[in-house]
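Notes for the one structure printed next.
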Amino acid sequence: MKRLRPSDKFFELLGYKPHHVQLAIHRSTAKRRVACLGRQSGKSEAASVEAVFELFARPGSQGWIIAPTYDQAEIIFGRVVEKVERLAEVFPATEVQLQRRRLRLLVHHYDRPVNAPGAKRVATSEFRGKSADRPDNLRGATLDFVILDEAAMIPFSVWSEAIEPTLSVRDGWALIISTPKGLNWFYEFFLMGWRGGLKEGIPNSGVNQTHPDFESFHAASWDVWPERREWYMERRLYIPDLEFRQEYGAEFVSHSNSVFSGLDMLILLPYERRGTRLVVEDYRPDHIYCIGADFGKNQDYSVFSVLDLDTGAIVCLERMNGATWSDQVARLKALSEDYGHAYVVADTWGVGDAIAEELDAQGINYTPLPVKSSSVKEQLISNLALLMEKGQVAVPNDKTILDELRNFRYYRTASGNQVMRAYGRGHDDIVMSLALAYSQYEGKDGYKFELAEERPSKLKHEESVMSLVEDDFTDLELANRAFSA
């Protein structure tokens, strides 16, 4: 199937002004387009335009947006809905039917305006939102086009075994978009279509290994929005280097999966072991302290890290296991009192009401910071990693602490999502205790961590649809023939 391309006239119908990278994507006729772009660079918007164009330019076309989760698929799906509803007002020989809960959109095509006497339906185009976490639900369809969003987070087997076969009968096209996540299959597909020569951030980009069916596009966020370059460079001060290079620089970074790439910047302090405590320094009346408390469950350890807010150093760390809730709280209270009644930042998630009630009963000054989701955990860990890269994290020079930091890694789940956890059957209690403590630290450059609000899992129609548009229409005459009376 020959891929049609949109005209400038079609862009005008949508009020859409594509930037240079979006325009290159729209003008490409490759069957497999791979777009590796930084965050907020318009790749999702361009993808929504591609879908709208097919639904109108090819009556009867069938296409899907596939993302790691339904919530992610709903983003582009919502944008497509908004654009389709807008175009339906321009082309009276079309009728839109939306089944939002099923993420299903139908565009009915008629031989004349819908309200004209004798109007007959001649074809129906269909667009659906799908999740890659259930590959078996992707099998069996016959499609004209597929859009893969955040493709780097989708396992290759989902593409090769479930998605690609749906395009075989009609020789359909695929638009594969993502920010990079290491050197996985998305990286390999990108190289198959890259013709831009040697470029920083793309390993082996100077090696010509392209495939005629592929074309790839690459841009950092500031390449797309050069007027905002200063803003992006400021973000680099507040985001771990690896995360910044991947998310905004769109770099394919090869790494050992270690979350803490700044371990060589870690400040190591001599300490004295006192029972279950590693003591770097005793209480100083003129200093302010806080304690990051990660309570142990089952075989986990309980770890309490005392942070000197004036120096940014962990001056005491207590680690224990096998203790009852009451014993853990009693130890925490004693530690707090030893450091001038230091206030506590406690992860109270998953330990029930017992800990909270015990903390209240003991009169401990604490702030609950429940690590109730991967989002909260990632924000806390990213803050710790950033401070470490800046040389602002100081801990006791203890092998257990260093091993736990070194073995805290990124992993990919079966559904393609990226998670952080300890290697193998290791523990992450020290990591979480440190992250909780340093969430209260104002860095030497004035940076202060703030926990961002979590995004709702479901978006209302008005919120999930954006009025920004990106579309492509090859030939307006084709559209006129399809929709005129």
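Numbering starts at 1 and runs along the chain as displayed.
The backbone N, Cα and C atoms fix where each Cβ goes, and this holds for glycine too.
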### Query
Swiss-Prot has K17, P18, H19, H20, V21, Q22, Q40, S41, G42, K43, S44, E45 down as binding ADP; which of R5, R58, R79 does it also list for that site?
R79
### Message
In Swiss-Prot, one of 125-131, 195-201, 209-215 is tagged motif 'Walker A motif'. Which stretch would that be?
### Response
125-131
### Task
Using Swiss-Prot as the reference, determine which range in 145-150, 217-222, 301-306 is annotated motif 'Walker B motif'.
145-150
### Query
Where does S44 (ADP binding site) sit by DSSP, helix, strand or coil?
helix
### Task
Looking only at C-alpha atoms, tell me how far K17 (ADP binding site) is from E150 (active site, for ATPase activity), rounded to the nearest Å.
23
### Message
Long-range neighbours only, meaning 6 or more apart in sequence with Cβ under 8 Å: which ones does Q99 (ATP binding site) have?
### Response
L105, L106
### Query
Taking K17, P18, H19, H20, V21, Q22, Q40, S41, G42, K43, S44, E45, R79 as the record's ADP-binding set, what's the max Cα pairwise distance in Å, rounded to a whole number?
20
## Note on the structure
Same-chain residues at least 6 apart in sequence with Cβ under 8 Å of the Cβ of S44 (ADP binding site), in sequence order, are I75, I76, R79, D149, I177
## Note on the structure
Neighbouring CB atoms within 10 angstroms of the CB of Q97 (ATP binding site), all protein chains considered, total 11
### Query
Taking Cα-Cα distance, which of the recorded positions Q97, E150, D294, D347 are within 10 Å of H19 (ADP binding site)?
none
